[in-house]
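Novice: Sharing the feature lines straight out of Swiss-Prot:
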{"type": "BINDING", "residues": "257, 264, 305, 306", "note": "S-adenosyl-L-methionine binding site"}
C-alpha cells in the first residue's frame, strides 16, 4: 500500500455546522469517526489527504470552519480515539532549542522551525515521521545544527519521545502495551513501486535500533527472503488496534497503511454473509483485511502472501486476536499463483469438505489485475455451491475514470474477457456473470488518484 500521509481535519467553532459537514463527507465516503473536542471547538476527521482537495476547499470556505492537517500526529488506540497533543511539536522544539542556547539566534532558530517535520504517526513503540524534502531532520539546516554540535541530537530525540508519549509509568508500575513509552524515532520514506513484496527499503532510524545490527548483512538476501526465527525476533514489532482488531508488523521490513481503516470497518459492518462461509485473501500482507473477515465469522480463510516478514506479522496478529486457536486460517507463504493448487490439495486432504467461497479479497496497489484470473479460477474450482461470489478489487484510479463510470465498465469488460478464455478449459458446467455492485473510495493516493475498492458480484449459474 501507499506511504503514509496526514489526513485533513476540520476545526468547527459553530456546532450547528457539524451535521452539514459530516453529511458532506459521508456522501463522498470521506468521513472518519470519531468527532472529538479541541478546547471549545469540535474537530471532524476525514480521509482527505490534500488541503487542495475540492471538498476540503469547499468545507474550508464555510464561515466558522478551518481545514488543517493533524500536526500532532495520530496514535491508534484500542478505543479508536486519537491522542491529541494540546502543545504542538513546534512549541516543544522551540522551547528545547531556546533552553540549549539558541534563544539569541532568532534567525537560525526560525530556519530550524521552518523545516521541522510536523507530520508523523505513532505506532508504539515507534514514531514514524513522514517523508518530506522541506520539513525533515535530513534538511541541510538541521544537519548543520547537528554538525555544529549546537545541541545533542540524541538528547533532543529522547526528550521529543517523552513529549510525544501518551503517558509515563509510575515507579514500580508498567503501562499497557498500547500506552507504553515510545522508544524509537524513524523517517518513513516511500517504498519502491516496482517491489512486489512492498518492502520499506528506505526507512531511516533516527533514534533507537529498529533491528539488531549483528544480523544485518547487505549481501545476505535470506534476511529478506527466508529469515530465521532469530532474525525475526531481532526486529522491533509495532502494534495497533483498529476497530477492535490487533495488527502487528515490523516497520523495517513491511508497510502499514493507516488509511485502510475505513475499508476494514466496511468489511466488518457491510457483509453479514461472511459468517459461516469461506474467504480467500490473495494479498494478505500482515492481515489488513484477513482479520476483519475472521472477526465476522468466516468459516475458513485462505491467505496468500509472499513477504516472510508480512507472514510473521500475520501469524503474530492471529495469535494476538485469538484466531490461531480455531485453526480455520490457512496461511501460505508463496505466490498466490499457487492458490488453485493449494485449495485443490486442501479438498483432497479434507474429504467431505465443500468449498463455500463467498468473498475473494484482491487488496494490492497500484493494481490487483494479476489476481483477477486466479479469482475466477477459484470460482470454477468450487463450482455451484454458492450462487454469488463477491470479488473486492482494489486499484488506484484517476478521478475522471471514477466519475464518468469508465473504470467500473472496463473492469467488467476485462473480467468477461478473462472468463471467456478460462471457461473454455474449466467451465465445469457453470456460467459466470459479472455485475458491478459498489465502488468505495478509500483514500486519495496522489493528486486526482484514488485508492478504490470495487465490489463485483459474480453470479454463478448452471
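Placement of Cβ uses the backbone N, Cα and C atoms for every residue, glycine included.
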Novice: What count of other C-beta atoms do you get within 10 angstroms of the C-beta of residue 264 (S-adenosyl-L-methionine binding site), across all chains shown?
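Specialist: The Cβ of residue 264 (S-adenosyl-L-methionine binding site) has 20 Cβ neighbours within 10 Å.
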Novice: Return the residue, from the listed binding-site residues 257, 305, with the maximum count of other C-beta atoms within 10 angstroms of its C-beta.
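Specialist: Buried the deepest by this measure is 305.
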Novice: Count the Cβ atoms, other than its own, that fall within 10 Å of the Cβ of residue 306 (S-adenosyl-L-methionine binding site), considering every protein chain shown.
Specialist: 18
Novice: Let me make sure I understand the span of the S-adenosyl-L-methionine site: among 257, 264, 305, 306, what is the greatest distance between any two Cα atoms, in Å?
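Specialist: Output for S-adenosyl-L-methionine binders 257, 264, 305, 306: max Cα distance 21 Å.
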